[in-house]
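Visitor: The structure's right below; bear with me while I get my questions together.
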Amino acid sequence: MDLLEYLQTRQKQDADLFLHRMVLIDHTVTLAGYTSLIDLPQTMMLLQQQYQNAIAADQPLIALGNGMGECLNDADEPAVVSAMSEGNLIILHELSGYCMKITPVHRTLSRSIEAPSTENVVRGSISAFNEDLDTNIGIVKTHVMSDKLRMHSYWFGKVQRRRAMLLFMEGQTNPAFLDAVTRRVESRLDRDIPNLLALSKALGFPKWTLVTRYNTTELPENVASALGAGKVVLFLDRFPFAMILPSLMMDMFVEENDRNYPLFFLIAFRLLRIVGVLVNMLMPGLYVALVSVNPDVLRIELALSIARSRVDVPYPAIIETLLLLVTLELILEASIRLPKTIGPTITMVGGIILGQAVVQAKLVSNILIIILAATTIASFTVIGFHNAISIRISKYLLLILSAVYGVLGLFVGIVVVCAYLASVSTFGIPYLYHWKARDQSDG
Amino acid sequence: MDKSLQVMAMYLLTHIGLIFFLYPTDIIGSLSVGHWSAILLGFACHIAVIGLFTKGLSYAAPKSVIDIFLETGKMAAVLLLLPVLLYFLMILIITVRAYSEIITLVFLANMPLWAIMALLLAVSTYISALGIESMFRTGLLVAVLFLPFLFLVFCLSFQNVDWRYIFPLMDEQAASFSYVFSRSYLLSMFAFTGGFMFLGFIPPYVPYNWRKVMWTASLLLPVFLISTYVPLLTFGQNTASQFQFPFIMAIDTVNVTWLMFDRVTMFFMISLICFVVLFLSLIIWKTTELIRRGIPSVHPIRAKLVLAVAIFVVCLYIPDWKHVEELLWWNTFPRLYVMTVIPIATLVLGIRHHRKGVACP
């Protein structure tokens, strides 16, 4: 009984591991597994019940393996341990050394399905993915009731195992793209995926990038529409969202939930988001350019009023803008960490006290406060928090260029940003690609 | 996959970038009455040139013009393409230098010239280093962002127009085409033929439909007409001929009361300069493509960097606007070569390739 001894020594290091002896049809067997993953009393009841049936059918213990679990013949110790860490129950028959892997009754370790927390839905389905992979797949299945839905399951990692599922629709996905994705995933299964950066690295995306190559979403509705459009969806266990590959620029502006509104509103929302992005990127740069480099562009009344509001401000416009922008970024960053109960206080402190005080102390001009407030709000009109971050970053490039070259720097900065976006691609699919399902013609 | 839309956008942008600064000056300077005949003649040349060129290319599709020339033998290809390389280098130097000068003249008067040249070169080298396909996608994105704005400015530019200035429509000089060999008319041809060569370099990377590009070319005719006639109709021939950049002066007279900006011109000009940056990156790419085909061991990105630095240094040695104009004039000769020899040679070689292909498929 090498295996049993091995498990017993392991139990000394691993308090979570249980070894429970029980009698099943005259045979003494040992059950092994992790208490944190398995509901032992329920599982034992299940086993007893199964064996009652076996006795009634007059079947030997070994034959039951075919019906209940998987035999681990000549199983080595690592295979048994990895089966246990995946949440299975191991049954060891002491006399014959027979070893069986059984799916037990699991403990309930995940929350129930809740409303999304980072993507709000006003009109439409509000169930969101939760951390548990199987629940997520179940939710997707209820949204996509199609026989074309295909799934591949993978286990990533050697030290920290993590399950992943790749979903796509048969016949809808571009075959070259699908092939590239699956080949890449299959060749990197030995990597640990503790976070999304590691996933990016495993998928071969560059580390230094402003645009994430996959879109994350909490909403099953978005996954269903992405699958229908021929995209590939990746789920990781313990991540409460789906990753949609490839990520495209239009995903910043277009959301499936828009289609729950009349067409006119749909177009208006999308235009509004585009305006939001432009405002967010351009406004701080434009302010700096107009105030410090090209004041002649402004209408004279406006130029005077800006000049008047900046009369006592001691620094150049770029420092003034950076000062306030960094403060706003700090508030944003802090408000993510804060408990929900303190959020409103911070809004008040940040918005009213800080804003008012900073103007009265003549640290920044009134107009800058207006511009930066609009900018910050506008950056969140885009869909997805990850997209909002990339937008937030790119305005600093435009800001610096405008501080040096004025309006010229601003516009050249736009071209640089456009060029950068144009150079991004995911498995050969450019970021600016206008995605269509495969049965439609490629545009 | 057909990427005609990207090619059309890039084609429009690069040409629009070239038209509005120097072209009206040259046309207004080359004749005093009946400018339309000069514009139409130039435009007809343009259509003929790209017609011959794309027809020749379509016979040998999807080969680039370099491949087509290489079929005749390496020596002949080098002899045919060497003037083209020279032409590209000259265009790069002239464009960077001239547009930096324009930028300092019209706005950014306190900015040193080298800083602006460095910006233009750095950005265009960066864009060209991203690769030809990214470049064309950039072109499409920039077109979507900027063209509606330009269209608005075109509409506004007619605000101060006096249509009586359009007369007289014709005189002896215009009718006899005697202006054709005048210096300023030959100079004006750069707007027609500066950008077309890229159509020959991209087919292996960015396939397109040449008919669609020809249709896009017809969109340029109103743009050429607007660039000359708006200043003419606003100021009249005598005044317009005094300005260095007549079209920009004409837009400067436009007053939009509902806009918070006093000078819409500046945004207009800067958009054009962004188009010029795209144009520059396209030429940098073409030049390195030529160099790389000649010397295959050259690393493309390093070549681009060396090229950019070399151009920067040469530009620093051009002392003033007079020398820029001189260079522009010298560039007329390689330009005439590129306008005539290259399209005809492409057509002849393309037909030969086609026949060979038909004879032994």
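Each residue's number is its place along the chain shown, starting with 1.
Any Cβ shown, glycine's included, is placed from N, Cα and C.
TrEMBL annotations: computationally assigned, not manually curated.
Got these off TrEMBL a minute ago, pasting:
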- B:7-23: transmembrane segment (TRANSMEM)
- B:35-54: transmembrane segment (TRANSMEM)
- B:75-96: transmembrane segment (TRANSMEM)
- B:102-127: transmembrane segment (TRANSMEM)
- B:139-159: transmembrane segment (TRANSMEM)
- B:179-201: transmembrane segment (TRANSMEM)
- B:213-232: transmembrane segment (TRANSMEM)
- B:264-285: transmembrane segment (TRANSMEM)
- B:305-321: transmembrane segment (TRANSMEM)
- B:333-351: transmembrane segment (TRANSMEM)
Visitor: Taking residues 6+ outside the transmembrane segment (B:139-159), which of them lie with a CB under 8 Å of any CB in it?
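Guide: Distant Cβ neighbours of the transmembrane segment (B:139-159) are 5-6, 9-10, 12-13, 16, 223, 226, 230, 233, 247, 250-251, 253-256, 264, 267-268, 271, 274-275, 278.
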Visitor: Which sequence-distant residues neighbour the transmembrane segment (B:264-285)? Criterion: at least 6 residues beyond either end, Cβ under 8 Å.
Guide: 10, 13-14, 16-18, 20-21, 88, 91-92, 95-96, 99, 102-103, 106-107, 120-121, 123-128, 132, 135, 138-139, 142, 146, 149-150, 153, 156, 194-195, 198, 201, 248, 251-252, 254, 256, 304, 307-308
Visitor: Which of B:75-96, B:102-127, B:333-351 shares the most C-beta pairs under 8 angstroms with the transmembrane segment (B:305-321)?
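Guide: Highest pair count goes to B:102-127.
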Visitor: Count the Cβ pairs between the transmembrane segment (B:75-96) and the transmembrane segment (B:333-351) that lie under 8 angstroms and are 6 or more residues apart in sequence, then report whether there are at least 3.
Guide: yes
Visitor: Looking only at residues six or more beyond either end of the transmembrane segment (B:333-351), which have a C-beta under 8 A from one in the stretch?
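Guide: Residues packing against the transmembrane segment (B:333-351) from afar: 45, 49-50, 52-53, 55-60, 65, 68-69, 71-72, 80, 83-84, 86-87, 90, 186, 189-190, 193-194, 197, 200.
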